[in-house]
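Only one structure is covered here, and it is reproduced in the block below.
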Amino acid sequence: MMRPVDEKESFAMEVETIADSSVSSVKIYPSEMPHNGPLYSVAYSRILWRIIKRLSKSIKVVIFSTKINILLPFGPLSIVLHFLTENHGLVFFFSLIGITPLAERLGYATEQLAAYTGQTVGGLLNATFGNATEMIIAIYALKNGMIRVVQQSLLGSILSNMLLVLGCAFFAGGVVHSKKDQIFNKAAAAVNSGLLLMAVMGLMFPAVLHFTHSEVQYGKSEVALSRFSSCVMLIAYASYLVFQLKSHRNLYHPIEDEEGLNEADSDEDEPPELSQWEAISWLAILTLWISILSEYLVDAIEGASDALNLPIAFISVILLPIVGNAAEHASAIMFAMKNKLDITLGVAIGSSTQISMFVIPFSVVVGWLMRQQMDLNFQLFETATLFITVLVVAFMLQDGTANYFKGLMLILCYFIVAASFYFHTDPEEKDD
């Protein structure tokens, strides 16, 4: 016959159960505890030990589990150099290196959170937090009146995602799965291509208006048109989110390969290493640290251009986006190698769509509120580069297949774009 369990033993068993559960689910109310001093103290000691153990594991996974984090000390060093020296080139270089592992870890934390949300929302989260670095840099640059840096860094981010990130993902996935072409949902890709072409239209008309000298009010009409177009583009992007997440969710379901490759890969998926709330907490911490370093990075751009003898256009369009896109780069390649091209496209093309249809118009609206003359006139050279890039990528995506050769072509196209901006001199500032 079992002996009855007294109140102390019952409470001890309950505390043990709670302590073994996730930290996020720990809820203990002192008013509900028996008023027994030693037992009360033991219970809290156990729970505190579990919390410390979980926290140390989380720090170990995020900070010490990847070799790229050996670059983390460059961030604090850039701040020290900012106050101790006037060498802007060194401050810029150290800030750039310091942000790189933070951007990669931001992508990792987003992937961990995406494990709890599903593939469609996960791709959207990857694109959103992957673009957090660019958006933070853009806001700091706008605050300093560096409108061309904002325009060129955002343009460079689109070009980097569409050519370099997508190209590397297609190439890596094509090498791993070399026996046949990988497939993806071309209907969803077509929607993104249409939005990118709409973004090109939004950027093209202010530039054409300016360079044909057909403005009603010189210097003012293009800004007014840019602000109107930005509001329209923001409405279009909000409608796209409703389309993607609510009304046409079935359009974004992953394509299943007839040979069952996707099922086989999904069986190999590892469970998330972070809990949902741990992932959210790390996203907040990493975003805050990136925002701090971005301020020093932006302050050093002009001095770095002189010190390194590099055009500001090359720094803004090529160097800044490569660092900012580190998260997307790592995520897109990883998913392509796992034969999950729909998520790869959601990260790379989805990120480009988000920058062109949300971040750029949002920057125009923020500039409007800051009384900065931020507009959609990205100059003819930059607008033409974006237009040709969108056309090239749209043709690559139209048949719904990917292979290493398509990836190689996209990477080589990016090298041409990078060389073009190295030899490109930014035009003189517009007359008011």
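Placed from the backbone N, Cα and C atoms, the Cβ positions cover glycine too.
All annotation found in TrEMBL is predicted automatically rather than curated by experts.
Fair warning: this is a prediction, and the values are worked out from it, not measured in the lab.
Annotation source TrEMBL lists domain 'Sodium/calcium exchanger membrane region' at 90-245, 280-422. Sequence annotations record features per position, and here TrEMBL assigns transmembrane segment to 61-84, 120-142, 154-176, 188-212, 224-243, 279-298, 310-336, 343-370, 376-397, 404-423.
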Tally of DSSP helical, extended and coil residues in the domain 'Sodium/calcium exchanger membrane region' (280-422): 119 helix, 2 strand, 22 coil
Chain residues in Cβ proximity to the transmembrane segment (61-84) (below 8 Å; excluding those fewer than six residues from its ends, i.e. six or more beyond): 90-91, 94-95, 97-102, 104-105, 108-109, 273-274, 282, 289, 292-293, 296-297, 299-300
Whether the transmembrane segment (404-423) meets the transmembrane segment (310-336): three or more C-beta pairs under 8 angstroms: yes
Beyond the flanks of the transmembrane segment (310-336) by 6 or more, those residues with Cβ under 8 Å of it: 96, 99-101, 103-104, 106-108, 110-111, 126-127, 129-131, 133-134, 137, 148-149, 152-153, 155-157, 159-161, 164-166, 168-170, 172-173, 176, 182, 297, 301-302, 304, 343-344, 347-348, 351, 382, 402, 418, 421-422, 424-426
Dominant neighbour of the transmembrane segment (224-243) in 154-176, 188-212, 343-370, by Cβ pairs under 8 Å: 343-370
Other parts of the chain folded back onto the transmembrane segment (154-176), taken as Cβ under 8 Å at six or more residues beyond its ends: 131, 134, 138, 182, 196, 316-318, 320-322, 324-325, 328-329, 332-333, 335-337, 339, 341, 344-345, 347-349, 351-352, 355-356, 359-360, 363, 378, 382, 385-386, 389-390, 392-393, 402-411, 413-414, 417, 421
